[in-house]
Ligand SMILES: CSC[C@@H](O)[C@@H](O)C(=O)COP(=O)(O)O
Ligand SMILES: [Zn+2]
């Protein structure tokens, strides 16, 4: 299905700030200030019905403009729009793994908290944290609810590869092995977080980042992020 130039332009042109092409630009500017998408790394993709919006590869993500967006048809994976002289994000196969799981948006951050949490869990296949209020912002699909304050949240960690696209198989395996997860950490690299909608993906990415920072700081203080509540605390 090839679209005319006009039809392609219409897919990235809107006065609605919530249109995916506009939102990707706005959110990347926000994420840049958080240190999530600096130095061209990281990014976000949004799915609107059968259209998946993807940013170009290797560009400053905080300077994106709506007309820079690639558009993929889902599930045919045919490109409907490919801006000239640009390549789609190397994260595309990873974003697609999240869409295959039913996501409406997927965020990839290079947050240093995500990187550090993989380093304090040296040799481990997952990161765990419990008894923390912000866990309640993370959905638990098997229960149809969110995690509870006393639950243990477990996020898989996969090993980094030299090229982003080569992470696809291990990310897909982690999603299969941890059916309740909505995030996958990549050692020495960052994290992928997805949600049913762009807003859920965003708030969940914020909760995860908070929990990663908390876990790093707790570990520095000799506290176990997944440990029980100390009776002397209260
Ligand atoms: C600082 S380069 C980082 C990239 O290799 C990659 O990890 C990344 O997250 C962004 O890939 P990109 O293809 O620019 O969207
Ligand atoms: Zn990356």
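Backbone N, Cα and C atoms are what each Cβ position is placed from, and that goes for glycine too.
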Of 51, 163, 189, the one that TrEMBL places in the same Zn(2+) site as 108, 110 is 189
Zn(2+) site, defined by 108, 110, 189: further same-chain residues with Cβ within 8 Å of the Cβ centre
41, 42, 109, 111, 114, 186, 190, 191, 192
Rounded to an integer, what is the Cα-Cα distance in Å between residue 91 (substrate binding site) and residue 189 (Zn(2+) binding site)?
13
For the binding-site residues 108, 110, 189, which Cβ has the most other Cβ atoms within 10 Å, all shown protein chains included?
108
Specify the secondary structure state of residue 133 (active site, proton donor/acceptor) as given by DSSP, simplified to three classes.
helix
